[in-house]
Amino acid sequence: MAVEVLRLGHRGERDKRVSTHVALTARALGADKILFTCEDEHVRESIEKVVENWGGDFKFEVVESWKEYIRDFKKRGVVVHLTMYGESINERIDTIREFLREDKDILVVIGGEKVPKEVYHLADYNISIGNQPHSEVAALAIFLDRLFEGKTLYRDYPDAKIKVIPSERKKVVIRKP
Ligand code: SAM
């Protein structure tokens with residue numbers, strides 16, 4: 001079972017911060033891979049550095065054709081597009097979680113400014129995180145947290161060089177050489 005995130009509509013310079021946040025959020029909340037539709041060395045390097053220091057095997061990849069990627073993915077898993085126009089997450093999350101239990105892969109698709117109509121038809125599920133417009137970072141975080149029921153938030157990364165020990169008031173950090 002793998003959970004991947006496909007980020008559509010990255011627009012270079014303007015989106016660097018949001019795109020980096022999308023990738024960090026995907027990793028921190030339990031996804032295995034982030035896919036962009038165009039290369040961004042800045043985002044790639046930021047993610048690779050985080051993985052090196054904080055552990056795990058999270059991947060950054062670039063796909064040539066998002067349509068082909070979605071079509072291929074459907075042969076091995078389920079495609080969930082997050083959009084404010086979709087069905088309620090509250091009504092659908094149990095159905096989607098069932099695919100995880102069956103060991104199927106899940107591809108979460110999130111947009112930037114305008115998402116092509118085709119995405120709505122290619123996706124197996126169009127899911128809203130509320131029907132108000134907000135952000136792909138917030139939508140992704142809530143979706144992954146609901147999918148994994150909070151279990152990925154405090155995951156241990158055995159190969160991490162840096163670890164935070166939860167503390168009531170102090171910053172407690174362990175660093176391996
Ligand atoms: N009109 C867009 C839409 O379809 O949700 C809002 C664009 S928003 C700047 C960028 C991305 O954030 C969207 O493509 C979607 O993936 C995500 N998003 C924003 N609000 C959302 C919501 N309420 N539910 C699910 N996803 C949302």
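Using N, Cα and C of the backbone, Cβ positions are placed for all residues, glycine too.
Unlike curated records, TrEMBL annotations are generated automatically.
For the S-adenosyl-L-methionine site, TrEMBL lists Gly111, Gly112, Glu113, Lys114, Val115, Ile129, Gly130, Asn131, Gln132, Pro133, His134, Ser135, Glu136; matching the candidates Leu82, Leu100, Leu147, Leu153 against that entry yields Leu82.
Taking all protein chains in view, 17 other C-beta atoms sit within 10 angstroms of the C-beta of Gly112 (S-adenosyl-L-methionine binding site). Those residues noted as binding S-adenosyl-L-methionine (Leu82, Gly111, Gly112, Glu113, Lys114, Val115, Ile129, Gly130, Asn131, Gln132, Pro133, His134, Ser135, Glu136) have their most widely separated CA atoms at a distance of 18 Å. Counting only same-chain residues six or more apart in sequence, the Cβ atoms lying under 8 angstroms from the Cβ of Leu82 (S-adenosyl-L-methionine binding site) belong to Val108, Val109, Ile110, Gly111, Ile127, Ser128, Ile129, Glu136, Ala139, Leu140, Phe143.
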